[in-house]
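Trainee: Sharing the features that TrEMBL gives for it:
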DOMAIN    130-270  domain 'Rod shape-determining protein MreC beta-barrel core'
REGION    277-334  region 'Disordered'
COMPBIAS  281-311  compositional bias 'Low complexity'
Amino acid sequence: MRDTKESRLLLALLVAVAFALITVDIRGGEESPVDGARRVAATVFGPVENSVASAVDPIGNAIGAVRDSGERHSRIAQLERENAELKAKLGSDDRNRNRLQELDKLLRTAGAGQYGIKAAEVIAIGAAQGFSWTVTIDAGAQDGIRRDMTVLNGDGLVGRVTTVGPSTATVLLANDPDFTVGTRIERTNELGFATGQGARPLSVQLLNGKAKVKPGDRLVTFGSQADRPFVPGVPVGEVIRVDPSSGDLTRRLFVRPYAGFSRLDIVGVVVQAPRTDPRDTVLPAKPKPAPTVTVTVTPSPDGEQPPGEQPQGERDERMNAQPVPGVTPRPDEE
């Protein structure tokens, strides 16, 4: 269509008419003179609008889904973060609960032996200064730690302090091959020296080659002069095997240590030795053996068997006479 003077005049006229109709419709309200025309237009063009809307709905839904998808992903990510934090909290609570139990055992052990201890946490494990079995604890000279102090936990002997820094210290573990401690057997008081063998049981050389020792015997530390590096009475371990090839001068034992060197966490450094030797009082109580049940049968005064009981011979004959399901007797057994 050409842009002529007539077309511009027609467009202006249509705009004026439309403006006039809108004004009349607004002023008329519900009784507008164009209300009938509006209903006719709605009847005619309504189905067309619905069809167009139905065709366009998937596009609108897709746009809304994309918008909502971002919100859902954010919510899922938030929930995942909350779950991770909750799991971490629960894990932390379990660890704290275990550490409290270890600390309680340590305090009970220290109390039984009257050891003055400084509790510490194992913060590192590994080789240090040529030692192959060592741990580092978070207590040092500032906490009163000195070299050659005994280290224990709630189970028993852990090792001895070898190097001390301002706030940390290195502990040589009792299972290190360079570790040696004097021991005493609980039952017989036989003396010996225990040496570490890494992941294997401790090796103990008894001074008395004819000492009577059996598996299950328990050992404690004998103690050192001036209680350094070892205080007396600390549980060491339990005999699991006696070497039969030992000579007449010494006898070799293999001892399972009480302390688990691969799972150390809370330990105690003995900063004050007991006034008297606790002897065997620090050892854990031995488990009580299960009672033996004995069944006795009292015959009746007339010599007859009680009801429901038969002599052993008769029971055996009946049992032998009963056929075994699925087994056909041989001709010579019938």
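Placement of Cβ uses the backbone N, Cα and C atoms for every residue, glycine included.
Keep in mind that this is a model prediction, so the values were computed, not measured.
Context for these features, please: burial, neighbours, distances.
Mentor: Taken through DSSP, the domain 'Rod shape-determining protein MreC beta-barrel core' (130-270) splits into 9 helix, 65 strand, 67 coil.
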Trainee: Express the predicted model's confidence over the domain 'Rod shape-determining protein MreC beta-barrel core' (130-270) as a mean pLDDT, rounded to an integer.
Mentor: 93
